[in-house]
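Data first, discussion second: the structure below is written as structure tokens.
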Amino acid sequence: MLLGVNIDHIAVLRQARMVNDPDLLEAAFIAAKHGDQITLHVREDRRHAQDFDLENIIKFCKSPINLECALNDEILNLALKLKPHRVTLVPEKREELTTEGGLCLNHAKLKQSIEKLQNANIEVSLFINPSLEDIEKSKILKAQFIELHTGHYANLHNALFSNISHTAFALKELGQDKKTLQTQFEKELQNLELCAKKGTELGLKVAAGHGLNYKNVKLIVKIKEICELNIGQSIVARSVFTGLKNAILEMKELIKDEKTSH
């Protein structure tokens, strides 16, 4: 199973002071050396990663570059110009802290955007909610890749296996009793397994991402149809204490151990 290292949160730290430190390109070099892919989200408002970040990373890094972006003409044209290995199309709201859900597959521009990117020899992935309907639509749209949104799984795991429900970060919608949460958690995990199998059956390559960390990744790794995980915030958070190289290698070890032991 491959690890795409999302380095957005390195850019978050840089933009907090609007300086050149930490250097996103240096982070990309470390991610390229110890991970399998660099993932970067260039948002419409450029609140974190900037155009020059993407340009420099594509120019100087040999690893595959996975650009996450919305259906925004300016950024899509940037992708067509710079030609990352892959573009993952994601939904985007200006007020959100992080991507809140899967892409709406009924968007009028979606099919045309996919065709333009593929005609430029750029692989296209769709970041979708884990539903059979969205997987079938992704196949109809002729995407090569799908990335299953694991946010709900991650939130349920947090509610069950951490103290988050007793903190300011508790989610009101997950304020149920443990038994109910456990049932929902098992159902969501089964749904991810079913969706990954369906995607593979349809000839789609299947990735997963959002909210994955060192504690909840193990069960996802057991889903053999998933070939890639894109993980960012938890790796960058761990790197504050261990360094980026060690944080990436620790996640790689978790993925390797789970895959080889099952």
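In case you wondered, yes, glycine gets a Cβ from its N, Cα and C as well.
DSSP assigns Arg17 (3-amino-2-oxopropyl phosphate binding site) to coil in the three-state reduction, placing it in neither a helix nor a strand. The Cβ of Arg17 (3-amino-2-oxopropyl phosphate binding site) has no same-chain neighbour under 8 Å that is 6 or more residues away in sequence. Per Swiss-Prot, the feature 3-amino-2-oxopropyl phosphate binding site maps to Asn6, Arg17, Gly211, Gly232, Gln233; the stated evidence is sequence analysis.
As annotated by Swiss-Prot, 1-deoxy-D-xylulose 5-phosphate binding site applies to Asp8, His9, Arg43, His48, Thr98. DSSP assigns His48 (1-deoxy-D-xylulose 5-phosphate binding site) to coil in the three-state reduction, outside any helix or strand. Packing around His48 (1-deoxy-D-xylulose 5-phosphate binding site) is summarised by its Cβ count: 21 other Cβ atoms lie within 10 angstroms of its Cβ, all protein chains included.
Annotation comment: Swiss-Prot describes His41 (among others) as active site, proton acceptor. Other Cβ atoms within 10 Å of the Cβ of His41 (active site, proton acceptor), summed over all protein chains shown, number 25.
Marked as active site, proton acceptor by Swiss-Prot: Glu68 (among others). Glu68 (active site, proton acceptor) falls within a strand segment according to DSSP.
Positions annotated as site 'Transition state stabilizer' by Swiss-Prot, on the basis of sequence analysis: Glu147. In the three-state DSSP scheme, Glu147 (site 'Transition state stabilizer') falls into the strand class. Taking the Cβ of Glu147 (site 'Transition state stabilizer') as reference, residues of its chain lying under 8 Å away and at least six apart in sequence are, in sequence order, Thr88, Ser125, Leu126, Phe127, Ile128, Val206, Ala207, Ala208, Gly209, Asn230.
The active site, proton donor feature in Swiss-Prot is assigned to His210; the stated evidence is sequence analysis. In three-state terms derived from DSSP, His210 (active site, proton donor) belongs to neither a helical nor a strand segment and is classed as coil.
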Reduced DSSP assignment, His9 (1-deoxy-D-xylulose 5-phosphate binding site): helix
Sparsest-packed of the listed recorded positions (His9, Arg43, His210) - C-beta count within 10 angstroms: His9
Among Gly211, Gly232, the one of these binding-site residues whose Cβ has the fewest neighbouring Cβ atoms within 10 Å: Gly211
